[in-house]
């Protein structure tokens with residue numbers, strides 16, 4: 001089941017302390033907003049509309065660099081007006097229903113929460129994740145003694161909250177009771193049926209300065225590191241240059257293959273695909289397809305990186321080993337590292353390129369071909 005998303009990111013977040021609004025702050029190396037955008041795209045969102053301020057629009061291209069399937073619109077003076085602006089900005093193409101409204105200050109959206117919401121809409125007009133209240137509640141009016149409040153039947157509402165677009169538009173149009181605290185309140189007032197699904201303790205809202213310290217810890221819980229490895233080999237043939245790790249090297253032979261035979265890029269592509277469970281390079285670029293005859297292998301690697309991004313993941317580091325008697329790799333190693341960093345969009349200090357020989361043993365030792373191995377670490381949503 002497909003869906004679309006409106007992420008409300010137009011607030012000032014003053015309770016979170018001085019400095020940038022909380023949705024633009026960096027959490028475990030990435031902007032708070034990016035966490036939820038990546039999660040929704042990885043779960044299959046047809047489109048994500050980010051509702052922001054005029055100042056925020058300047059941040060978005062940098063904050064969401066490399067992500068496809070999102071766009072922005074300007075919000076209003078209140079959350080309700082911003083939600084309505086986001087609903088108006090959604091396309092009406094197939095796959096845009098239902099709509100999930102989400103607060104940008106809740107970075108840890110899980111696939112399980114999203115799927116539960118989609119399933120609950122078959123019997124409700126709006127579904128939202130919620131947690132049962134576990135703490136004892138106290139009420140203390142000004143100047144009076146504290147009183148215990150029963151927590152029976154009380155739930156803590158979270159976002160995203162899911163409903164059909166026309167349901168939300170009609171409910172907001174009919175709302176006349178001031179500023180609502182969430183979308184469920186608006187739909188409920190319009191006579192809609194509300195369903196609660198299992199909430200997630202990780203789906204905490206960043207409101208106060210101390211919340212960010214806890215979120216830094218939770219970020220490690222909400223992400224997993226996956227490792228992939230790849231291997232490739234090509235035989236030598238007549239030629240005047242060889243491509244290795246995206247760099248052309250003058251040589252008295254070339255590597256023979258269907259594409260440009262860049263064994264370094266092929267091994268690295270396979271390692272990335274392996275880390276995210278997406279098969280191997282032959283599945284995506286079959287050697288039987290004439291389209292890829294003589295193709296530059298950097299496009300294969302970029303495709304693998306795009307798949308990582310689409311899953312809400314990020315490359316941590318890569319390590320490539322070239323196995324050959326010649327050409328000498330050391331004079332070109334830094335250029336290879338820089339080219340790989342450029343293709344992968346990661347800092348060069350996260351890229352390693354090494355070379356070794358097999359001491360004259362085997363096909364590489366006899367000078368019949370060159371081999372490459374690669375290992376990568378990829379961070380993805382848990």
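Glycine is no exception: its Cβ is also placed from the backbone N, Cα and C atoms.
Copied over from Swiss-Prot, here are the features:
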| type | residues | note |
| --- | --- | --- |
| BINDING | 232, 234, 266 | divalent metal cation binding site |
| BINDING | 232, 233, 234, 258, 259, 280, 281, 282, 356, 357, 358, 359, 363, 366 | 4-CDP-2-C-methyl-D-erythritol 2-phosphate binding site |
| REGION | 1-225 | region '2-C-methyl-D-erythritol 4-phosphate cytidylyltransferase' |
| REGION | 226-382 | region '2-C-methyl-D-erythritol 2,4-cyclodiphosphate synthase' |
| SITE | 15 | site 'Transition state stabilizer' |
| SITE | 22 | site 'Transition state stabilizer' |
| SITE | 151 | site 'Positions MEP for the nucleophilic attack' |
| SITE | 205 | site 'Positions MEP for the nucleophilic attack' |
| SITE | 258 | site 'Transition state stabilizer' |
| SITE | 357 | site 'Transition state stabilizer' |
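Sequence features, as recorded in Swiss-Prot, placed on the structure.
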residue: 22; record: site 'Transition state stabilizer'; DSSP class: helix
residue: 151; record: site 'Positions MEP for the nucleophilic attack'; DSSP class: coil
residue: 205; record: site 'Positions MEP for the nucleophilic attack'; DSSP class: coil
residue: 258; record: site 'Transition state stabilizer'; DSSP class: coil
residue: 266; record: divalent metal cation binding site; DSSP class: helix
residue: 281; record: 4-CDP-2-C-methyl-D-erythritol 2-phosphate binding site; DSSP class: helix
residue: 356; record: 4-CDP-2-C-methyl-D-erythritol 2-phosphate binding site; DSSP class: strand
residue: 363; record: 4-CDP-2-C-methyl-D-erythritol 2-phosphate binding site; DSSP class: helix
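Counted over every protein chain shown, other Cβ atoms within 10 Å are most numerous around 259 among the binding-site residues 259, 356. Geometry remark: residue 151 (site 'Positions MEP for the nucleophilic attack') versus residue 205 (site 'Positions MEP for the nucleophilic attack'), CA distance 21 Å.
Within 10 Å of the Cβ of residue 151 (site 'Positions MEP for the nucleophilic attack') there are 13 other Cβ atoms, across all protein chains. The distance from the Cα of residue 234 (divalent metal cation binding site) to the Cα of residue 205 (site 'Positions MEP for the nucleophilic attack') comes to 52 Å.
Other C-beta atoms found within 10 angstroms of the C-beta of residue 22 (site 'Transition state stabilizer') number 28, with every protein chain shown included. Closest to residue 358 (4-CDP-2-C-methyl-D-erythritol 2-phosphate binding site) by Cα-Cα distance, out of the recorded positions 205, 232, 258, is 232. For the binding-site residues 232, 234, counting C-beta atoms within 10 A of each C-beta gives the highest total at 232. Residue 281 (4-CDP-2-C-methyl-D-erythritol 2-phosphate binding site) is surrounded by 26 other CB atoms, counting those within 10 A of its CB over all protein chains shown. Comparing the recorded positions 258, 266 by how many other C-beta atoms lie within 10 angstroms of each C-beta, the top residue is 266. Checking each of the recorded positions 22, 232, 258, 266, 357 against residue 363 (4-CDP-2-C-methyl-D-erythritol 2-phosphate binding site) by C-alpha distance, the shortest gap belongs to 357.
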